[in-house]
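*Asks:* Per Swiss-Prot, the features are:
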ACT_SITE  Asp112  active site
BINDING   Glu37, Asp62, Glu89, Asp112  S-adenosyl-L-methionine binding site
BINDING   Lys116, Asp148  substrate binding site
Amino acid sequence: MQRIIPIDSPFFLNPDELGTPADWTAVFGNDNPLALEIGCGIGDFIARTALDHPTTNFIAIDYYNKGCLKTCSRLERHGITNVRVVRAEARQFIVERIQKGSLAAVYINCPDPWPKKRHRKRRLVNTQFVRFIRDYLAPGGDFYFATDFDDYGEDVAAFMPQMPGYANMLAPDIFRHELEGYHLSKYMQKFMAEGKRIYFIHYRTTMEG
């Protein structure tokens, strides 16, 4: 059981104090496009990405309190104001706090691969989730997935072309091991230093489906 560390940061939100769905225009004080990172870890990816896109508002969620604390500290240290951090379980948070059709982008980097065959049904990104998250992406919204686990990357790459309402932005490739302009987290860099390959997948929503 994780130890809950109090987080005193202007960038940390209590999901129970948000509406259903949340009024993100009020939260950020503007109506800029909204993007979501699921599993922000220590916040290095979202911090760099937010700096690159100052006119986009980012929500960074993580189930682990320690990661949320480190992410908030990083944002404060670098003066990044277009990110808000929430400790939450992904699916529940999305259903309760995100309006359908409102997300300009979703980023999922190196989620738990659940490597044992009997546990693979626990993986976050599967066909059911991809159908689910499409409802929350805006038309032309981007879906990014990255993993260092070969089986996970190959599995997602294999089923994504059959998912209605998405276009492959890396075609004719179904995945790539490098993605120009996409920031690497500390964990990605560690995996690559160990000789592992990162699988990058990028799709965009279409009017179909």
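Count begins at 1; order follows the chain as displayed.
Heads up, the Cβ atoms here are built off N, Cα and C, so glycines get one too.
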*Asks:* Out of Glu37, Asp62, Asp112, which of the recorded positions is least crowded by other Cβ atoms within 10 Å?
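*Replies:* Sparsest of the recorded positions Glu37, Asp62, Asp112 by Cβ contacts within 10 Å: Asp112.
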*Asks:* With a radius of 8 angstroms around the mean position of the C-beta atoms of Glu37, Asp62, Glu89, Asp112, what other residues of the same chain does the S-adenosyl-L-methionine site pick up?
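*Replies:* Once Glu37, Asp62, Glu89, Asp112 are set aside, the remaining close residues are Ile38, Gly39, Cys40, Ile61, Tyr63, Tyr64, Ala90, Pro111, Leu124.
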*Asks:* Listed S-adenosyl-L-methionine-binding residues Glu37, Asp62, Glu89, Asp112 - what's their greatest C-alpha to C-alpha distance in Å?
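*Replies:* Across Glu37, Asp62, Glu89, Asp112, the widest Cα separation comes out at 15 Å.
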*Asks:* Can you give me the same-chain residues 6 or more apart in sequence from Glu89 (S-adenosyl-L-methionine binding site) with a CB-CB distance under 8 Å?
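*Replies:* Those within reach of Glu89 (S-adenosyl-L-methionine binding site), by Cβ under 8 Å and sequence separation of 6 or more, are Tyr63.
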*Asks:* Take the C-alpha atoms of Glu37 (S-adenosyl-L-methionine binding site) and Asp112 (active site) and report the distance between them in angstrom, rounded.
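*Replies:* So the alpha carbons of Glu37 (S-adenosyl-L-methionine binding site) and Asp112 (active site) sit roughly 15 Å from each other.
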*Asks:* For Asp148 (substrate binding site), which residues in the same chain are close in space, meaning a Cβ under 8 Å from its Cβ, but six or more apart along the sequence?
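*Replies:* In sequence order, Cys110, Tyr187, Met188, Phe191, Met192, Lys196, Arg197, Ile198, Tyr199 meet the Cβ cut-off.
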*Asks:* Enter the number of other CB atoms within 10 angstroms of the CB of Lys116 (substrate binding site).
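*Replies:* A 10 Å sphere around the Cβ of Lys116 (substrate binding site) contains 8 other Cβ atoms.
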*Asks:* Between Asp112 (active site) and Asp62 (S-adenosyl-L-methionine binding site), how far is it from one CA atom to the other, in Å?
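*Replies:* A Cα-Cα distance of 12 Å.
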*Asks:* Tell me the Cα distance separating Lys116 (substrate binding site) from Asp62 (S-adenosyl-L-methionine binding site), rounded to the nearest angstrom.
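*Replies:* Counting only the Cα atoms, the answer is 23 Å.
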*Asks:* In the three-state scheme derived from DSSP, which category covers Lys116 (substrate binding site)?
*Replies:* coil
